[in-house]
Amino acid sequence: PALRCRVDKPLVDVRVVKGEPAELSCTVSSKDVQGTWFKDGLKIKNMEGVLFEKQGSVHKLVIDKVEDFHAGKYRFETADIKTEASIFVEDPPQVDKVLLKNLTNVPTVTKAGQKVKIKIPFEGQLPIRATWLKDGMELIDDTRIRVDKADTFTMLSISSSERKDCGDYKIRLKNDHGVLEINLKLVVIDKPEQPTGPIKVIESSSSDITIQWKPPKDDGGKPVQNYIIQMQQVGKEEWVTLGETPKTCTTFTTNKVEQDMGYYFRVRAVNVEGASVPLESDEVKAASKAIPGPPDPPEIVSTGKETITISWKAPHKTGSSRIVGYIVQKRKKGASTWVPVTNMPVADRKLKMTNLKMGLQYEFRVAAVNAAGVGEASAASQPAFARDSTEPPGQVRDLRVASRDSTSITLTWKAPETKDGIDVKGYEVEMRSYVNPNWTKCSVLPIKATTYTVKGLQAKELYFLRVRAVNDSGPGEAAELETFVEAPPPVVPPRFLINDKVKSFLVIKAGNTIRVPMRFEASPDPVVTWLKDGHPLSKRAKINTEHGTTQLLIEAAEFSDTGTYTVELQNGSGNKESFSFQVQVTDIPQSPGPVVLEENVPKTVTVTWEPSPSEKWESDLYYTVLKRESQKGSWHTVGDMIHTNKFTYTKLIPGRDYYFRVVAKNCLGTSGPSENVHPWRLKKQKADFQIRQREYRGVNQNQPPRFLVQLKPHTVTIGTECQMSCAVTGHPQPKITWYKDGRDLSKDPTYLCKNIFGVCSLMILGVIKNDEGEYMVEASNALGRAFSKASLTITGND
């Protein structure tokens, strides 16, 4: 007997966006088998846009461009086998790809004062909700800005653009099938803002004035080219242009002033669009000449037989002009008369005085000199002897090892005990290894500090180290110690120490602190890098890394801090380790908008409300609907986990007053309520009436039933309203019967079935989880029967 054919690879469900191609494919065990394709139980003979292909044992149904009527359940069948799968057609918002690329990659540039219109046509299943956001906040219409929303496009209009309109814009298009977000940048070019003040006078004399300012905070979108400086004499109206400075220079000196006269200055910044409004100064006087203030007392640098070297610092007050030199004076200790050391001012702030009498004690003072003259003299220096040190310094004290590693040792010590006339010019550090008897100096010149790091040592070796103080008489007695170099630490590849306290998803309330410590181990110390969404962190984020822990700290969380954070560890060998976590910054939701109650279907109420403003930053927000039957009654929840802005309630009693309340919720809490203020009750029922359908008279009076529009799969949320519809023709007029999972729904009052001129609909008010399943509509007359099937999927929790 011949072997039976079997299915090696069955059909699988396909979800496809409207307008895109789709393909159903199955593989059978025999290349010689021919099969038949069915859609919703009916054999496919000639369907628009559908092609059948057979490649050996592979059978394909190919749709070049999917439309709504292609949705449904398909079956491939032979004498021995049968395999089924569904095509679900999704129609999310879409924008032309070329337009989308241009909007995203090319900023929209305009000049201040000009009109701006940005129109974005779109396609998709209606209704489509369009939202414009700037820098994360939804745009609201005002006297300049208007957002137009239609079924096929949305448009932003700005009647007169301003610099504050610059920024990142996001357009969010949303329908039941998905969300499309478009990012674009608007750049408005203008003249610069005025330079940043105040105008400072950094030098003023009887003959010239030097002013200073800072660049403007906003250059108008184009670089500042130069600055224009003007001056007005107090009491006069005319402003005189003094000159210009390049963009890199924010100071200006004028000599067109007279002593003791008052002046105003103003500065304008210039770019290609023109000059800014001016920054004006307070009144500035061309002051009389001012001498410098006194410097600090000079310090003794060194002494010799007939010499003493001193140094000093510039005075805190330089007077009305720059300092050109210093006058240095000396006196013997105890004398009252100061004698000049040089005939001319000294340009440097250090001087070696010679021809002093050996063994005498001297004091020194200095005075600064500028264009106004010689300033106030400093206080006297400490007295110093003109003599050499008579002997080398003593032994350094407390020599010890401060730290060590595998290649170096750091020493510290204290200076020798002080003795009259014996100074210390510096220190010599010497070393030798355990096997080498010769000492080697660690530095060419004596070092000034009392600490030194000896580098380039071998690990696990023993060394002898010594330190001596030196002066002009030579080195003092050495202080010596014996020490060793540590073995190099083992190389430990970087890794994070993850425990139960380390979370991969954090929910933070806006305004609270984000603090994420990450413990790690690595040797040597790794380079630590923090990123947010692949980019460097903002300036508000602070990173502290020490003792095997790196911590992220953001003092007050903002919604813009939401994202994926990554911390990377990398050592010098190229070993890298990273850890990522999500941060969601949220807040207790704001209240929904006004609540509206309507009786769209007899004996039911449809509750609708404006979305909570929190929807624009909270992706997990949902709504709860509560009801009470009198003004003082208790509130009871009748709908929860609602992700739309509509809810239908059916359990109503005629003659009773009803109040409905809606609150928004997320993981942090519940918003304030929105509710109807006035009581609501059912309308009085009008007498039943029937629509008498006009008898259909076509060319062919006898036609079996045929579906013009098939049922489509639906996905809805618990508690919402669902309406499934199709269109059928035939003569005599077909009888319509609805089924759920094979059960006749004709006598079930939960479902409202209608047939108006061949448009058949099934309405479910307030769906529950048990409503999920496969629905079928049967159309039958004397000439035959036709079927259409679709699935209903329920989301949310009861």
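Even glycines carry a Cβ here, placed using N, Cα and C.
Taken as a whole, the domain 'Ig-like' (1-88) shows an average pLDDT of 90 in this prediction. TrEMBL lists 1-88 (among others) with the feature domain 'Ig-like'.
Annotated domain 'Fibronectin type-III' per TrEMBL: 195-289 (among others), in sequence order.
Look at TrEMBL and you will find 294-389 (among others) tagged as domain 'Fibronectin type-III'.
What TrEMBL records for 392-490 (among others) is domain 'Fibronectin type-III'.
According to TrEMBL, the feature domain 'Ig-like' maps to 494-586 (among others).
Sequence annotations record features per position, and here TrEMBL assigns domain 'Fibronectin type-III' to 591-685 (among others).
Among the features that TrEMBL reports, domain 'Ig-like' is placed at 705-795 (among others).
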Residue counts (helix, strand, coil, in that order) that DSSP gives for the domain 'Ig-like' (494-586): 3 helix, 56 strand, 34 coil
Whether the domain 'Ig-like' (1-88) meets the domain 'Ig-like' (494-586): three or more C-beta pairs under 8 angstroms: no
Helix-strand-coil residue split for the domain 'Ig-like' (705-795), DSSP-based: 3 helix, 60 strand, 28 coil
